[in-house]
C-alpha cells in the first residue's frame, strides 16, 4: 500500500471540521460503529451466493426480525436460532410444543395434554388431530383417545379429579372371568361365591381350587363346633359383677421386679465368678498331699541330719517354718472354699460380700503361685547328702 492516510477527529472546539470521519445513526434493526451488526431481536441474512459476490454489502448481509412465533424476542444474531422459548414451546424457532402439550405454536398457544384431566393425566404426551388431540402414551390399565377409560381387567371412575384405574384381581377359583365391571370392579362370580373379587363363600364353607367346599368334615368340623360352643359360652358370661383387676398392685410388683432384676443379675455374676475360682483351686488340691510328703521327707532329713553341721540345722529350721506357712495357707484356702460353697444357703447367716471373698481367694491364690519352693528343696537336699 502506498500513500495511505487516516483522519482522526477530536471534540475540541475551534478546530476545522474533519473530513472522511463518519458518525453513523443506525436504524433500529442495526448496531455497531458502521451499523454492520443486527440489533437484539434481529439476525443476519445473506444471499445464497454471497461468497461469490463482489459487492461488500452482500458479505455484510441485512438484518431481519427473529422468527420465533412471538414466543421470544431473542435469537442468535448469526444463525437466527431462538433463545429462551416461552409458552411451553421449543425448537429452533419456538415452532414445537413441549412434551405434555399440544397445539400449533405458529397459530396459537400450546395447551396441556388432558389425559383425561390436566392435573390428573395418565399420558405424558399427545398429538393434535382433526378434532382436538389424541393421547398416544396411556399408562397400563388406561385406554381411549384421552386415556379416559379403564382397560380390560381394570376398573375405576375417571370422571372426576383423583380417579384412577385399579386391577380387577378376580379370584381364578371363584370367578368366571378375569374381567370385571369397569366402574364398580365387581367380578363375575361362580355359583355360591360372592365378594367383589369372588373370594367369599357362605358360612361354613371355604374357597378351594374346586370352588366352595364345606368345613364340616371329621377333623375341622369338630373343632369348629367346639369353637362355636366356646363363643356361645363367652358371649353368655356376665362379666359386670367381677371385681376390678388389681392393676395398681400388679404395677407395683412389675416395678419391684425391674428394680431387683439388676441386683439378682449382679449376684448371679458373682456366684459364677466364685465357681470359676473354685474350679481353679482344684488344680491346687494336691497341695495337702504334697505338704504331707514334704513333712515325712523333712522328718527323714532330721534323722539323717543328726551328725550334720550347724548349717544343716538352719536349713531344717527353715524347712519347718516353710511347712507351717504352707499349712496355714492351705487351711485358709479350705475355709474360703467352704464359705463360698455354702454362701447364700443360710438366710440367717451373716451377710458377707461375695465380692470381698472373691478378692481374698484371688489374693491367696496369687500368694501360692508366687511361692518358689525349688531353691529351698535343692538346698535342703544338698545339705543332707
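Including glycine, each Cβ sits where the backbone N, Cα and C put it.
As written in TrEMBL, here are the features:
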DISULFID  85-94  disulfide bond
DISULFID  138-147  disulfide bond
DISULFID  168-180  disulfide bond
DISULFID  170-187  disulfide bond
DISULFID  189-198  disulfide bond
DOMAIN    66-112  domain 'Laminin EGF-like'
DOMAIN    113-167  domain 'Laminin EGF-like'
DOMAIN    168-214  domain 'Laminin EGF-like'
**OP:** Enumerate same-chain residues with a sequence separation of six or more from residue 180 (disulfide bond) and a Cβ-Cβ distance below 8 A; give 'none' if the list is empty.
**Re:** 153, 155, 168, 170, 186, 187, 188, 196
Original post:
What kind of secondary structure is residue 85 (disulfide bond) part of, going by DSSP in three states?
Top reply: coil
**OP:** For the domain 'Laminin EGF-like' (168-214), give the DSSP counts of helix residues, strand residues and coil residues.
**Re:** 0 helix, 21 strand, 26 coil
Subject >> Pairwise CA distance, residue 189 (disulfide bond) versus residue 94 (disulfide bond), rounded so that it is a whole Å >> reply: 56
**OP:** Restricting to the same chain and to sequence separations of six or more, state which residues have a Cβ under 8 Å from that of residue 85 (disulfide bond).
**Re:** 68, 71, 72, 91, 94
Original post:
Near residue 198 (disulfide bond), how many other Cβ atoms are within 10 Å of its Cβ?
Top reply: 25
**OP:** Let me know the model's mean pLDDT on the domain 'Laminin EGF-like' (168-214).
**Re:** 92
**OP:** Would you identify the secondary structure of residue 94 (disulfide bond) according to DSSP, in three states?
**Re:** coil
Subject >> Integer Å distance between the CA atoms belonging to residue 138 (disulfide bond) and residue 198 (disulfide bond) >> reply: 29
Original post:
So for residue 189 (disulfide bond), how many other CB atoms are inside 10 Å of its CB?
Top reply: 19
Subject >> In the chain carrying residue 147 (disulfide bond), residues 6 or more apart in sequence that have Cβ under 8 angstroms from it >> reply: 115, 116, 121, 122, 123, 135, 138, 139, 158
